[in-house]
């Protein structure tokens with residue numbers, strides 16, 4: 001009877017997977033970084049409508065195919081969580097640095113580069129050359145790189161995380177940024193990219209630390225920060241619409257700025273995207289944390305007032321300890337499986353060697369006779 005393949009990937013397999021993933025990141029960087037002196041929103045060959053159409057369609061079509069392939073061939077034969085650990089750490093750390101650079105570039109453009117904080121829809125001049133629009137272009141390209149979030153979830157068997165909110169967010173946000181860059185690459189659109197990049201620094205830092213088994217109790221605050229981001233972008237967009245209507249020319253200036261109608265179209269898309277995400281994230285937040293809060297309230301009501309603080313602290317400590325024990329338990333189980341396989345293989349090796357020694361000893365005696 002053939003032995004079943006081990007579910008624990010070797011170190012070579014894990015680092016080979018990480019190397020392949022680094023190649024994917026390098027390919028993305030090659031296409032995402034046009035010359036910095038070019039106007040990314042207008043001259044880059046990546047900015048035709050066929051690019052978001054092709055990439056988002058491929059994203060949606062590939063999800064069920066990847067799920068089938070993972071469940072049929074990968075999951076039964078490999079521990080995918082362990083196999084992808086190094087790749088996911090590299091990905092999350094890379095996202096932290098990439099989004100951190102975008103935050104720096106856009107803040108520096110406003111602070112030192114002459115980019116207006118509000119009231120610009122420039123296509124050329126100070127706004128486009130300040131560096132902000134270049135950072136926004138990279139931010140737009142990063143929306144496609146973030147498709148890997150979903151792929152990692154499917155490969156690791158986390159199908160409960162591949163929700164409508166998740167897929168809607170990744171698909172529509174790519175189109176929203178394509179519209180913004182296509183029709184108004186300079187000016188005020190930087191603000192949403194700035195806030196989103198800052199949130200992603202926090203978010204991917206959390207994911208990277210979690211993969212390194214570092215306990216981070218501030219996950220719920222990430223959703224709160226995202227809700228604040230959506231609200232801030234809507235308020236800023238409405239303020240820019242007012243500013244552009246009363247203080248800037250309404251007509252388009254060829255090569256310099258889009259018409260007010262075109263800019264308002266971008267504003268409507270932006271507001272719709274932010275409001276829809278606010279609603280979906282609010283529902284997610286309510287579902288995720290209302291049950292936990294009600295459970296905590298039940299614990300508090302069942303205890304005396306003198307022991308409320310002690311009970312709460314004990315609950316937090318036990319939760320953290322449970323996570324540690326769970327992680328240690330998983331490591332222990334994996335270690336036992338590896339030790340079991342190693343013991344069986346060692347037993348077979350010893351038996352084979354013993355038989356070989358007996359045969360060679362028998363042949364020696366026959367020759368001596």
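These residue numbers are counts, starting from 1, taken along the chain as shown.
Positions of Cβ are set from backbone N, Cα and C atoms, glycine also.
What TrEMBL records for this protein:
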TRANSMEM  12-31  transmembrane segment
TRANSMEM  51-69  transmembrane segment
TRANSMEM  89-111  transmembrane segment
TRANSMEM  123-141  transmembrane segment
TRANSMEM  162-183  transmembrane segment
TRANSMEM  189-209  transmembrane segment
TRANSMEM  221-242  transmembrane segment
TRANSMEM  262-285  transmembrane segment
REGION    295-321  region 'Disordered'
COMPBIAS  300-313  compositional bias 'Low complexity'
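Scored by C-beta pairs under 8 angstroms, the transmembrane segment (89-111) has its highest count with 12-31, from the stretches 12-31, 162-183, 221-242, 262-285. Same-chain residues lying 6 or more positions outside the transmembrane segment (162-183) and placing a CB less than 8 Å from one of its CB atoms are 40-41, 47, 49, 51-52, 55-56, 59-60, 63, 136-137, 139-140, 143-144, 146-147, 149-150, 153-154, 189, 192-193, 258, 262-263, 265-266, 269-270, 273, 276-277, 280-281, 283-284. Beyond its flanks by at least six residues, the transmembrane segment (51-69) meets 144, 147, 150-151, 154-155, 159, 162, 167, 170-171, 174-175, 178 of its own chain at Cβ-Cβ distances under 8 Å.
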